[in-house]
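Enquirer: What follows is a single structure, and I will ask about it in a moment.
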């Protein structure tokens with residue numbers, strides 16, 4: 001997403017260090033409760049997504065993985081896949097980028113409000129997902145995945161205009 005606005009983008013959407021630490025701990029608990037392992041590479045990948053101030057692409061995660069050098073792409077892609085399956089992160093399809101899930105219900109269908117100015121994303125709950133699936137089933141269609149992405153300006157960018 002390009003920064004089409006002329007104003008500075010100093011609004012920060014990343015969680016505070018304390019909130020980030022709490023989310024990392026909660027992710028580890030979720031994995032244990034689900035009978036899964038939160039490996040060091042999975043944890044580091046999740047940490048980098050939490051640290052990002054907006055959607056982050058896989059290759060940016062790879063580049064930031066180790067202070068002394070990038071991680072191997074398969075390691076990060078496997079971690080991203082695992083984190084997405086656990087509901088800890090979401091993939092924003094149109095950006096081919098990832099964001100941390102903002103809700104405590106990690107098995108939901110999320111939609112995203114994408115700011116065309118600063119590139120930030122805001123997660124929203126998609127209403128009536130069951131209604132979409134029911135209507136699709138009536139036509140003989142089986143829904144595998146629903147994606148909702150709306151583009152516009154976030155509140156901070158509207159204020160800065």
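Placement of Cβ uses the backbone N, Cα and C atoms for every residue, glycine included.
Just so you know, TrEMBL annotations are computer predictions that nobody has curated.
Look at TrEMBL and you will find 115, 118, 154, 157 tagged as Zn(2+) binding site. Feature annotation from TrEMBL assigns compositional bias 'Basic and acidic residues' to 9-20. Taken from TrEMBL, the feature region 'Disordered' applies to 1-20.
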Enquirer: How many neighbouring Cβ atoms, not counting its own, are there within 10 Å of the Cβ of residue 115 (Zn(2+) binding site)?
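Expert: Other Cβ atoms found within 10 Å: 25.
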Enquirer: Name the secondary structure element type, per DSSP in three states, that contains residue 115 (Zn(2+) binding site).
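Expert: Reduced to three states, the DSSP call for residue 115 (Zn(2+) binding site) is strand.
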